[in-house]
Amino acid sequence: MGRLLNNEASVTAVNVLVNVRGKPASAEHNAVQYAYALSEELRREYPQLDVYLLGEVMANATFNELYVQDTTTLLPLMVLLILLLAMFALKSAVASIHILVVVIVSETASIGLIGWLGGALTSPSSAAPIIIVTLAIADCVHLLTHYLRFRQEGILNEDAIAKSVDRNAKAIFYTSLTTIIGFLSLNASDSPPFRDLGNFVALGVMMAFLFSVLLLPLLLMFFPCSPWGNLIQITWKAWIDMCHRNARSIVALTVMILLGSVYGLKKNDFNDDWIAYFDESVSFRQAVDISEQHLSGTTTLEYVLTSQTRVTDPVYLRDVESFTQYLYSLPQTRHVFIFTDVLKRLNRNMNGDDPAEYLIPKNRELAAQYLLLYEMSLPFGLDVTNQINLDKTAMRIMVTFKNLSSTQLISLENEIAVHLNKVESFDFFVTSPSSMFAHLSHNNIRSMLIGTVLAMILIAFVLMFALKSVKLGALSVIPNVLPAFVAFGVWGLWVSEINLGLSIVASAY
């Protein structure tokens, strides 16, 4: 009860183990499509039933579906809005079309190269196209801003193009280089998809730079832009004048913001709840919530208890049973799935269904006979290898807890490990998607901090070389660090939790 059927018998679950050997992505896709078709068939035949799909395979599928949905809706919308803003700022529809061409070519070349290099867009790395688009547009705007200003001054089209490229190429190059270094710092991540994200964006930034200084001038040569007024130049001139007039006030305000950010930074806690990655409107999130409310939930730890002899050893079985009782004593535990329950049930059945005989078999021979009896009674094609290994030296326990954050789960895992280390009859290993994700979050956050610091040092050296000044290069680190510093400070005041996805944000600064 609790795992597959709730106490009121109003909610039940069917647990399916999916074999994804060979081609995991293809096998998971086929399994999900079959599950969708089967669930639709159930809804048609039994309209009074609410059918939900959840599990690790469904989580992967939902991530991919949301990626496709966002890519086909949010990405085009974002590009459209940015182009409209660029057209308003540059006062040139032709300039916006040029930007669009460069963006499309840069994006296509980047994704094409990723494919040729054997890369694959996963849920985390799917953010790469959005980042590449943003940076490609920024490169184009730099060139077009000066080009339009030169044209407004009456300079010929070819000369305006040459002067704009000459004035901006070096700045765009160093900006792209420092951006590439920042995203390459994601290789410090313990998560391969996040490493892919950093490498994909670095490749895309390089493509955006090349096409902005090679393709954009060519487009301007054949399709010149009308020299309208440049709103960007006027706006920034007024802004610079305002900064000069109010320099002391701005410094004082900056210091106040930094002090507030320091306070906010202290409130941040490294934590993660992967269920919260999905909005409540997503069907998978609804399924998880239903499971959490009515069944055992989705937060699990799986323990492999390796016997020094065989799993039918009475000492081993008694220690496993003791461990099971310990797990049930924990307030976080919802359900424990363990083969000793089968042995106890068989022992009761073989003793006239006497409730007092719901016990572990008294000796090795009896336990071995019960195990053989159970294996022989299973339908054709089924066995117990999902709970006991083939040579009968290890048993698997799956413990389901109420929904826990990554910090809570790691703390609980450590608490259980202290208890298990006192047991001498078996060794143990712990795993599960929940455990993997929790440890990945914490390890990734630490490694990303190291990667970000190294990136900042490299960027400082690049700027020292570019500016030909150690002092200016060192000072330039400040405006690179401050945005991340303030952002995480505000986040600490607002949310107070840094998760796996947020841990990579500092690299983008």
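Yeah, the Cβs are placed from backbone N, Cα and C, and that goes for glycine too.
Because TrEMBL annotations are produced automatically, they should be read as predictions rather than curated entries.
When averaged over the domain 'SSD' (100-222), pLDDT in the model lands at 88. What TrEMBL lists as domain 'SSD' is 100-222.
Positions annotated as transmembrane segment by TrEMBL: 73-90 (among others).
Under the heading transmembrane segment, TrEMBL lists 97-118 (among others).
Per TrEMBL, transmembrane segment is recorded for 130-150 (among others).
As annotated by TrEMBL, transmembrane segment applies to 171-188 (among others).
Taken from TrEMBL, the feature transmembrane segment covers 200-225 (among others).
Here TrEMBL flags 246-265 (among others) as transmembrane segment.
The annotation transmembrane segment is assigned in TrEMBL to 448-467 (among others).
What TrEMBL records for 474-494 (among others) is transmembrane segment.
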Annotated stretches the transmembrane segment (200-225) and the transmembrane segment (171-188) touching (3 or more Cβ pairs under 8 Å): yes
Within-chain partners of the transmembrane segment (130-150) [C-beta distance under 8 Å, separation at least 6 from its ends]: 74-75, 78-79, 82-83, 86, 89-92, 95, 98-99, 102-103, 106-107, 110, 159-161, 163-165, 167-168, 171-172, 175-176, 179, 183, 200-201, 204-205, 207-209, 211-213, 216-217, 220, 225, 227-228, 230, 232-233, 508
Leading contact stretch, 171-188, 246-265, 474-494 vs the transmembrane segment (448-467) - CB distance under 8 Å: 171-188
The domain 'SSD' (100-222) - residue tally per DSSP class, helix then strand then coil: 108 helix, 0 strand, 15 coil
